Every structure is written in structure tokens, then in C-alpha cells.
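Engineer: Annotation source TrEMBL lists active site at HIS201. The feature active site, nucleophile is assigned by TrEMBL to CYS242. If you look up TrEMBL, you'll see 392-487 marked as domain 'Legumain prodomain'.
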Amino acid sequence: MMYTSKSRHISRRHNTIRGLLSSGIITIDYVKSKDNVSGPLTKGLSREGVERASKGMDLRPRTSQHGGRSISRFVTEETVGTKWAVLVAGSNGWWNYRHQADVCHAYQILKKGGLKDENIIVFMYDDIANNTMNPRPGVIINNPRGQDVYNGVPKDYVGDDVNADNFFNVILANKSGITGGSGKVLNSSPNDHIFIYYTDHGGPGIVSMPTGVVYANDLINVLRKKHASGTYSKLVFYLEACESGSMFDGLLPEGLSIYVTTASKPNENSWGTYCGVGDARDPCLVECPPPEFKGVCLGDLYSVAWMEDRTAANLTYGSHVMQYGDMELSFDALFQYMGVASKNHTYVSMDSKSFSVYSRNVDQRETEFFYWQSKYRDAPEGSDEHFEARARLIEIVAHKSQVDNSVKHLGEILFGVEYGRETLQSVRPVGQPLVDNWDCLKSYVEKFEAHCGKLTSYGKKHIRGIANICNAGIESEQMVAATLQACPPL
């Protein structure tokens, strides 16, 4: 990792990150110079010392954070064709505030970079800005000190129009397949550049939508069709979700002029950030959100990192940024992120990015629990708010226990008590897709949900287990019988 800036805030940032590294609070996914790992964060360490630190903290060489494809380059470089962007927030609900905040922020950066509204397509449920729980009606922020990022954002696809079919038809410029919304599609040409950014909950082989999911094989098929149509020059895809690497690992071939970076490996969670209230029970991590936003995360760690030009380190605490597809696209520029010029970025000041406060990140799957836990702590004893929060917490905990036990029981029925857990939790080698038969996976997920209940953002982590059931060759009749036994009708 190399830096040229000698400014005070960069120096202070390096010192803070070095402190976080030494304490083990964060890990870095990459450090690289011409021949070996070096740079401001490892200054003064011997090569052997850096290698020891790498092994101890899972620090691994990378060409750049998020793979290095420059979004600032995307919005500023001269191209023969047009620049297009598709921005997707695939969730709804107040506790998922961060996803729509991420998308709105990305829109503002692209807009400032010169992209026209006619070339930016936005998917978001649009239930946050004017939500009755919003302490700043009509406003969305993505950073504790950030300005409103909601104003001016196109509402191309909102509410139930945010779905997999519309997403796919937008990419393929299939207007006849669109239902609802603005009808805007990626009507790109051979010389055009495309940027797709998707932020949401996920699970092995899937990312969520407000209703339904996007399966990895379907997404790859759509990207293949887009390439076959000859309607773009380069396509860059940023994906923020738990297990997001599983959407592309072993599935996305080279040669499509597509470069992908994901927030996590195929078997890791991603993280919300700007969470907490700053007390001993609920510390913040990077920086506390304003007190009126207690219980929600303002952004996602991976997304905030590239949108705020965080060149100092990969702050994806507990997960690893991955890259897939045509790696040569990742070297268009290094150590640069979204925005025309970060020094002119008006939505987040450079000072606000100083990592001066140790903080807390929240597992994406735990954000709803985090929200109601905060409500429960703050509500007056005996109040309606206190009672409601307690009831929701009990409901969430009960659901988690129910789905975990159902899957555990299912594995024991199919593979025996000794091998059930091991078989369901097995992770395939890097470069091998999650499942061999995607139709089997989709069918068995439906069978499980029919008898054991809908998989929520928490429960979707168990899709790996269902994929492994398919990989083990379990027949459909066996699966139905086992789910009935694991989840008998009431």
C-alpha cells in the first residue's frame, strides 16, 4: 500500500489505523509495494515482522482495497461511449436504513461526477426518508456528519417494483418485461461503461429483495446475456451483502469484460457501521451516529469505505473484500474511490473520516435485533414502547432458535447425528460454486420454507446447508420427508 499525501489528516489516520492493527481490532486485506508489503501502516517493521503480523491478523497481499477498480476513474475518465449506473437497495424496514442511505450516497457521487439522471437507474423501496421513525423527515444521511443524500435521487423503481425480474430486465434493456416503475433500462451501446452497485442482506448463493431473492446462477446468466448482446465495453459490479462472494465464486468466467468486488468471502458476513450510542454498553466503532438515530446503522462498512475514499485501510472488520472476473480491469487505477475528487467531496468532509474513535460494527444479520435492543434499553419501564420492544426481541430470539434447531434436526435426519452438522456446514474449495444443481437448491429451499417457515435475513445463512443436501444427492422425496419430520405440522 503506497501513499503520496503528507497532509496532517492522512498522517493522523495512519497512526490511528496502526493502533487499531496492533490491538487486533481491525485487519487489513492488502499491503503492497513494488516487491513486498510496506507503506505507512507497516513503517518500521521488518519484512519478517510484517509476515508474522500477516499470519496473525489474516493480513494478505492485495493489489488494492476492493480490488482497486477506481470509481472516480469511472466517472471522470474520457470514454467514447456513455457511462451508466444501476444502484440497488434490496431491503425495506427502518432497521435497514443503511442500504438506502448507501444507494442515495452513491447516486450523489455519480451525479456530481457528471452522470446524467437518464443514465442512472435507482432501485430502492423508499420507505426510509418519510418513515414515521425518521427523526429528520425527508432526509437520509450516510455518515454521522454527512449532509442529506436523499434529495434529488430518482425514484425509478420503488416499493414492490424493487424485484429480481425488474432488476434483470433493466440490465438486459428488456422494456417489455418491466412491471411498474419508470421503465428506465440499461439501453447501453458497445462503447459504454456500466457500474452496478447492489447493497442488501444475502446468504450463500443469494442476495435479497424486499420480496424474493436473486439467485447467483440467474444473475450470472443475465450478465452473460448482457455481454452476448455486445452492448457495453466494461462493466464493474460492487456487491455488499453477507456471503456476497458466493454470488460469483466459481461462476463468473473471465472474458466478459466484467470486474466484480464483493464485501465478503463466500462464507463470511458483512457489517453495518456508524452504529451505537457511545456508552459502555453500546460503544461506537468508527464514529457515533447522531443520538436521534439510536438503534440503526447509517451505512455498511464496505460501502462506506469506498464511498468515503478510505485509502488508509480495508476496514471490513471480520470479512475479506474479494474480486472476481477480468482482473485487468482492476488496474485501471489504484487506491482511488468514488467521486470526482475526494478533496472536493461535499457529502463527507475529510475531517469526519479521521478514525479517532474506536467503534462497533454490527453483523448485517443482527441489525434488526440491534434496533429493538436499543429501543428496549431506552424505553421507560412499563411503557408501550418498552413492551413492544421486549415482545419483538422475544420473537426474534425465538425465530433464530427455531430455524437453527430445524436445520440441525434436518441434518441429523439425513446424515446422522455424527455427520449432520459437519455435512451441512461444509464449505467448498475456492473456485467451486456453492451447488452443482441450482434447480435442486431452489426447489429444496421452497420445500424447507413450506414446512419450516420463511427464511429471514438471519435464516438465509442456512442456505449453504440446503445446497450441501443437494450436493450430497438427497432425492426430493427424502427431502420432503425429512423436512416434515424436522418441522412437524402444529
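Placed from the backbone N, Cα and C atoms, the Cβ positions cover glycine too.
Any TrEMBL annotation is an automated prediction that lacks curation.
Bear in mind that the values here come from a model prediction, so they are computed numbers and not experimental data.
Could you place these features in context, so I can see how deep they sit and what lies close by?
Structural biologist: Secondary structure at HIS201 (active site), as computed by DSSP, is coil. The number of other CB atoms found within 10 A of the CB of HIS201 (active site), across every protein chain shown, is 26.
Reduced to three states, the DSSP call for CYS242 (active site, nucleophile) is coil.
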Engineer: Using Cα coordinates, what distance in whole Å links CYS242 (active site, nucleophile) and HIS201 (active site)?
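Structural biologist: CYS242 (active site, nucleophile) and HIS201 (active site) have their Cα atoms 6 Å apart.
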